[in-house]
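Okay, structure first, notes after.
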Amino acid sequence: SPLAYASDPSPLQDFCVAINDPKDGVFVNGKFCKDPKLAKAKDFYYSGLNIPRNTSNPVGSTVTPVNVAQIPGLNTLGISLVRIDYAPNGGLNPPHTHPRATEILVLVEGTLYVGFVTSNTDNRLIAKVLYPGDVFVFPIGLIHFQFNVGKTKAVAFAGLSSQNPGVITIANAVFGPNPSINPDILVKALQLDKNVVKKLQSTFWWANN
């Protein structure tokens, strides 16, 4: 029987350091490339992921990204990283998706309850409690979350299979877009009272990313 093989295309050059000025660049994967001969160590460098972030916000977590916006040399390399800090007693990285990346998370401090939901029509929750040194994978595009079930802070690091994975936080996207979604749509889609929908739409939805 015939076999089919699929994979990311091989790069045509060592790297493509992203620049904003197109004057002397070549446009590759959404960014212009710096002349490789002008590349410096700083194009591939970021410092500060050892610094704890402030989690005193409504969701009790802060995500520190290291993607192509922070390291221009990540352009075309298909990978990025985040640090996530969680407040004690319920710090939450709310249900969200990454439209362009699978995520692999390693917990280095604390205790997290993590999980993702499979696509329609099963919508099955796959979840687990993690302890330091544990690793969990969130498949590309699926809704997932992390919740601090411990009494102390938690810290995790996650790798993502995209230089710019994107993030869609579900509550923010449904109840907080600009302009707002017509309440009648949300009333029917979510089977909620219209006053409840309007109250949710008037709520400030915190962006922790």
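Every residue gets a Cβ built from N, Cα and C, even glycine.
TrEMBL annotations: computationally assigned, not manually curated.
If you look up TrEMBL, you'll see CYS16-CYS33 marked as disulfide bond.
The domain 'Cupin type-1' annotation in TrEMBL covers 47-198.
Summarising the environment of ASN93 (oxalate binding site), the number of other Cβ atoms within 10 Å of its Cβ, over all protein chains shown, is 29. The annotation oxalate binding site is assigned in TrEMBL to ASN93, HIS98, GLU103.
Around HIS144 (Mn(2+) binding site), the same-chain residues at least 6 positions away in sequence with a Cβ under 8 Å from its Cβ are PRO95, HIS96, THR97, GLU103, VAL114, GLY115, PHE116, VAL117, PHE138. Per TrEMBL, the feature Mn(2+) binding site maps to HIS96, HIS98, GLU103, HIS144.
Cα-Cα distance from CYS16 (disulfide bond) to HIS98 (oxalate binding site): 23 Å (rounded to the nearest whole number). Every protein chain considered, the tally of other Cβ atoms within 10 Å of the Cβ of HIS98 (oxalate binding site) stands at 23.
With respect to their backbone Cα atoms, HIS98 (oxalate binding site) and CYS33 (disulfide bond) stand 25 Å from each other. Separation of the C-alpha atoms of CYS33 (disulfide bond) and ASN93 (oxalate binding site): 34 Å, rounded to the nearest whole number. Scoring each of the disulfide-bonded residues (CYS16, CYS33) by how many neighbouring Cβ atoms lie within 10 Å, the top position goes to CYS16.
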